[in-house]
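Colleague: Sending over a structure as structure tokens; questions will come in a sec.
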Amino acid sequence: MATETVTASATPTSRTTAGTSRRFAWTPGLVIGLTLMAAVVAIGLLAPVLLDGRATAMGESAAQPSAAHWLGTDAAGHDVLARSLVATRLTLLMTVGATAVSVVGGLVIGTAVWLAPRRLRTLGLRAIDALVAFPTLLLALVVAAILEPGTGSAIAAIGLAGIPYFARLTANLAGQISHRDFVTTARLMGVPGHRVAARHVLPNMAEPLLVLTASAFAQALTALSALSFVGLGVQSPDYDFGKLLNEALPSVLAGRPWQMVGPTLLIVLTGVAATLIGDGLAAAADPRTGTRTRAAALVGSGVTDQAAGTPAGASLVDVDDLVITNAAGHTLVDHVSLRIAPGEIVGLVGESGSGKSLTAMTLARLLPDGLTARAGRIRLGDLDLLGRVAPRDLALAMGLVYQDPGTTFNPALRLGTQLTEVLRTHARADRGEARTRILDALRAVRMTEPELRLRQHPHELSGGMRQRAMIASAISTTPKLLIADEPTTALDVTVQAEILRELKRINREFGTAILFISHDLAVVRALCDRVLVMNDGRIVEETAAADLTTESAQHPYTRRLLAATPTVAAAAAAAEESHR
Ligand SMILES: Nc1ncnc2c1ncn2[C@@H]1O[C@H](COP(=O)(O)OP(=O)(O)OP(=O)(O)O)[C@@H](O)[C@H]1O
């Protein structure tokens, strides 16, 4: 009995991190926000040095604003403006500290929850949701009341109270990113969970996290000020904005509101700066969305002869009586058996939802979460896929080619880094050797300017180029089996034809067997040796590709499928008809 599980989730919009060469969108809001923040930081740096004497000197108590004291003096006779400016440094440091606690704590907990086994993950997410539902300031007040009031405890209280937000965002983003093809491939290659998180998942959430960090900074500022204002934050003789507001309260009640003006203005100024920066970063993140819809996808790992050594005359792939059911017990793949000989190209066709992808994904041991697979036998070369298989052996025994154009490559990494990953991780090639081999493979698939491509990020390549790049990755380790799940669906017909020619050539030159999943029966007939027709989870017909015609097909479903596929002549006739 084989049961493979992988977390399922929607695929998010591709985003890049600051590491890509995408042009950054400097909006006026962002420029203003950064300028204001620079001014606040300059005040924080300089005021304690230049104005400390003035802020601590005692003069006339509760004096009105004057040329000597622009905002008057407080009850102790200190210059209110000087104290407000000097308070900027401590306020900023505390805000940065609390924000850092929230971000780092949230990242660690969110990632740990994502990496946890399914039950623990669900429990963790529930706990995080419950904490998020609790108002931050209330949570902070509880923490601050438990701890001794002071600067450190205020930072801890606000920082801890902000953790659930970042933890939830991290876990959600990780859940989404984990189902992009480059993460699936890394997992197939046996890259350990923590490395997948550090290398593939976290860099791709940098952008939304950065945006949230900016707004968390603004929230931490007001929350810290509120804590000090109610006496649970900074204690005398230290003072931050909140403490100054706390000290100003009696004078406001005594009809001298100007003592509030300095800290209030500085809180507003700092908060507005952080919010503008957050909004600006969010806007800067947008431009690429929708600009690169033309793309396609192939992801490959590879095979070595040793890993998938196939006894002469035996099948390379041997699946016997595969049944896949969902959580409700509904059968999605129904007693499927299939064989693929070494070097053979087998087509898997059938309407949408007939079970083609699930069958193929079972071979790669990448069945989605919640589904259960059992079979009498699943073998790939000398690997028994129902038993324990070293990730490296599976990684080297199989190449995967996906359809989804937006998620094939990690947008944060240069192509060179990702294309050489399988060679470096599993074929144990050093950097130079991996580079040479991938360049050879890129030339083999006729990629233009291969050296340049290795330095580029995925979004700088066209869909056809990305497809070639991934075929190159797949063949760089001389695969015995390539699973190609609708690899050309997202490409225009010219590029489609070129890619199909490359697949055929690779099959001829390297003896790579291919399981080719497609809706395009004409392509399947031209490319494949043999075709399996799936309907409602079952293989209803198996035929030589040349016999995939209305005349030769045996099963009524195959004939219906063929009848539903317009030939070029029929399509032209239909078009002509519609013009009449
Ligand atoms: N993660 C999942 N959870 C539950 N059901 C699923 C899941 N993935 C697929 N299914 C169901 O399993 C059936 C077969 O899906 P599969 O993706 O294998 O079809 P397919 O033939 O590859 O379709 P397409 O050509 O549209 O890709 C469908 O009914 C689908 O709804």
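Here the Cβ of each residue, glycine as well, is placed from N, Cα and C on the backbone.
Pulled the feature table from TrEMBL, pasting it below:
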type	residues	note
TRANSMEM	30-51	transmembrane segment
DOMAIN	88-278	domain 'ABC transmembrane type-1'
TRANSMEM	90-115	transmembrane segment
TRANSMEM	127-147	transmembrane segment
TRANSMEM	153-171	transmembrane segment
TRANSMEM	209-234	transmembrane segment
TRANSMEM	265-285	transmembrane segment
DOMAIN	317-561	domain 'ABC transporter'
Colleague: What parts of the chain pack near the transmembrane segment (127-147), using Cβ distances under 8 Å and only residues at least 6 beyond its ends?
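Modeller: 109-110, 113, 153-154, 156-158, 160-165, 167-168, 171, 219, 223, 226-227, 230, 232-233.
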Colleague: Report, as numbers and ranges, every residue of the chain located at least six residues beyond the transmembrane segment (209-234) whose Cβ falls under 8 Å of a Cβ in that stretch; write 'none' if there are none.
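Modeller: Hits for the transmembrane segment (209-234): 18, 90-91, 94-96, 98-99, 102-103, 107, 136-137, 140-141, 144-145, 149-151, 153-155, 157-159, 161-162, 165-166, 169-170, 173, 240-243, 245-246, 263, 267, 270-271, 274-275, 277-278, 281-282, 285.
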Colleague: Which sequence positions outside the transmembrane segment (30-51), separated from its termini by at least 6 residues, show Cβ-Cβ distances below 8 Å to it?
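Modeller: Same-chain residues near the transmembrane segment (30-51) but 6 or more away: 82, 85-86, 88-89, 91-93, 266, 269-270, 272-281, 283-284.
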Colleague: Just to confirm my parser: what is the rounded mean pLDDT across the domain 'ABC transporter' (317-561)?
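Modeller: The average pLDDT of the model in the domain 'ABC transporter' (317-561) works out to 85.
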